[in-house]
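Noted in Swiss-Prot for the protein shown:
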type	residues	note
DISULFID	C24-C45	disulfide bond
DISULFID	C27-C32	disulfide bond
DISULFID	C38-C63	disulfide bond
DISULFID	C67-C78	disulfide bond
DISULFID	C79-C84	disulfide bond
SIGNAL	1-21	signal peptide
Amino acid sequence: MKTLLLTLVVVTIVCLDLGYTLTCLICPERYCQKVHTCRGEEKLCVKRFYDEKALGWRAKRGCAATCPEAKPKETVECCSTDKCNK
């Protein structure tokens, strides 16, 4: 009986862990509310700030498997919790 209970606990923990999917914000607006469910390999939320000459500083948000390297005149922030790229 103890073995069965232990097996059920282990299976439950594994299934819960495999079922988790990160959610990130994906809109360019300053006060973003649009949520996107990331793919399994995407474990980070990203926010990139860049200078768009006519419009000023803009932000691009989304999901990523790895934190991208910043380009010239760009700032990149990565985080790993739901909707952390505000």
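From the backbone N, Cα and C atoms, a Cβ is placed for every residue, glycine too.
The shown structure was predicted, so the numbers you read here are calculated from the model rather than taken from an experiment.
C78 (disulfide bond) and C38 (disulfide bond) are 14 Å apart (CA-CA, integer value). Each of the disulfide-bonded residues C63, C67, C79 was scored by the number of other CB atoms within 10 Å of its CB, and the largest score is that of C63. Geometry remark: C63 (disulfide bond) versus C45 (disulfide bond), CA distance 5 Å. Of all the disulfide-bonded residues given, namely C24, C27, C32, C45, C84, those whose Cα is no farther than the 10 Å limit from the Cα of C78 (disulfide bond) are C45, C84. C84 (disulfide bond) carries neither a helix nor a strand DSSP state and counts as coil.
Its Cβ taken as reference, C27 (disulfide bond) is surrounded by 15 other Cβ atoms within 10 Å in the chains shown.
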